[in-house]
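Participant: Structure provided below as structure tokens; questions to follow.
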Amino acid sequence: MVAFNMVPMSCGVRSVNFSLGKGSRDLACQSAERWKSLAKDAGLHNFELQTFRAAFQMVLHKYLPEVGTTSPWLDLSHGLPSAMENGEIPENANEHCPGPSSEAAGKSDACQGCPNQEACATAPKGPDPDLVAIAERMATVKHKILILSGKGGVGKSTFSAQLSFALAAKDFQVGLLDIDICGPSIPKMLGLEGQDIHQSNLGWSPVYVESNLGVMSIGFMLPDPDEAVIWRGPRKNGLIKQFLKDVYWGELDFLVVDAPPGTSDEHISIVQFLQATGIDGAIIVTTPQQVSLIDVRKEISFCKKVGVPVLGVVENMSGLCQSLPDFRFLRMTETGEHTDVTEKVIVYMREKAPEMLDLIAASEVFDSSGGGAAKMCSETGVPFLGKVPLDPQLCKAAEEGKSCFADQKCGVSAPALKIIIEKLMTNYWPNEMSVE
């Protein structure tokens, strides 16, 4: 058993202590120069601070081979302070810090005596070269739409999948990018479980549902779908960047990006990477109750702060709706047990009141007494796109990886989704409708 501890040092690198059961060994480096020396001894030359993690692994491999370089205890995201990696000013910086990404970083008079001076002086400067590669990839994508939610479990991925199906059915070229790294459900909802990513001389190839609907997700890269993805922010951000710069989508009319719930690393990264290429906006999915709407308000605030337009809010699971014959009817006994009397009820209605078989029954599942998403949109000044009922047939379509528009089974949810999608097309992409 290996115990692993990292203690922050004043220079921004770390003191590392390993307890190997029978004894312990320290690799306490008092300066970046000491790390350079250890890295060179381990076989790594031309050492720069951005290669800290690689150096760290090689040093451990040489000096602590018992640990290895792939140990689950080695969380290399603890290498350099995350603020410096992201170009932000560290908390322990001097008062007039020019910023780690500045050309004067580590060299100006204000840097004298700063514990981060050497780290800043040797860190790479200038714009991220990967952003150029991303811009080139995205140059062939007309419209980019983010699908967001404040809270998990509100049907965001279901909406992303069905929006993509609907756009593809209109003969648009559509890409669906799943950046929910820890909970990738898009492969399941598109019927693509078990598929693999292939690479060509143009880059990674999306997995295609139809010739005009391609999908990319970390779900295609996991050897075991039940294996948890336990990644810190920098590694998630790296994969999102790789998806954007290495996936060859070709000519796309729409790229739908299914993001995880909340306002965390993935959201900041996707906005940062796509900002220069133009983001049409975000569609936010919620359920009617206040416990969800509270977080949606935060999502709207996030969009406003980062400059992403809110195309509108969708109220999903807005009451349970299904045709009366699709219900099961139960009678509760005195002991609290349930007896199924569905067949008797259906026969009775068919004989005595056949017109009732054409009715749709509705029931409120979540409390909407506070006005739901419509009221919240009115208060926050963002468009309200409409309501989608909780339809068991839509849930079944998602489980089977099918479009809810392919047949008449989703009789209550498909029309609601169509109205919302037509509203989006009319309000934001009328030119696309004219050539449809």
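Using the three backbone atoms N, Cα and C, a Cβ is placed for every residue, glycine included.
Below are the features listed in TrEMBL for this protein:
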{"type": "BINDING", "residues": "C97, C111, C114, C120", "note": "[4Fe-4S] cluster binding site"}
{"type": "BINDING", "residues": "G150, K151, G152, G153, V154, G155, K156, S157", "note": "ATP binding site"}
Participant: Which of the binding-site residues C97, C111, C114 has its Cα nearest to the Cα of G152 (ATP binding site)?
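Facilitator: Closest by Cα distance to G152 (ATP binding site) among the binding-site residues C97, C111, C114: C97.
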Participant: To which of the binding-site residues C97, C120, V154 does the lowest count of other Cβ atoms within 10 Å belong?
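Facilitator: Counting other Cβ atoms within 10 Å of each of the binding-site residues C97, C120, V154 gives the minimum at C97.
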Participant: Cβ neighbours within 10 Å, counted over all protein chains: which one of the binding-site residues G152, G153, G155 has the most?
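Facilitator: Per the Cβ count within 10 Å, the most buried is G155.
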Participant: Are there residues of the same chain, six or more positions away from G150 (ATP binding site), whose CB falls under 8 angstroms from its CB, and which are they?
Facilitator: P261, G262, I284, T286, S292, L293, I294, D295, V296, R297, K298, E299
Participant: May I ask which residues of the same chain, at least 6 positions away in sequence, place their Cβ under 8 angstroms from the Cβ of C111 ([4Fe-4S] cluster binding site)?
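Facilitator: Long-range Cβ contacts: N94, C97, P98, A104, A105, Q117, C120, A121.
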Participant: At a 10 A cut-off on CB-CB distances, which of the binding-site residues K151, K156 has the highest count?
Facilitator: K156
Participant: What count of other C-beta atoms do you get within 10 angstroms of the C-beta of S157 (ATP binding site), across all chains shown?
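Facilitator: By my count, 28.
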Participant: Identify all same-chain residues not among G150, K151, G152, G153, V154, G155, K156, S157 whose C-beta atom falls within 8 angstroms of the centroid of the ATP site's C-beta atoms; report them in sequence order.
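Facilitator: Leaving out the recorded residues gives S149, P261, V285, T286, T287, S292, N316.
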Participant: Taking the Cβ of C114 ([4Fe-4S] cluster binding site) as reference, which residues of that chain separated by at least 6 in sequence fall under 8 Å from it?
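Facilitator: Residues satisfying the criterion: A93, N94, C97, G106, C120.
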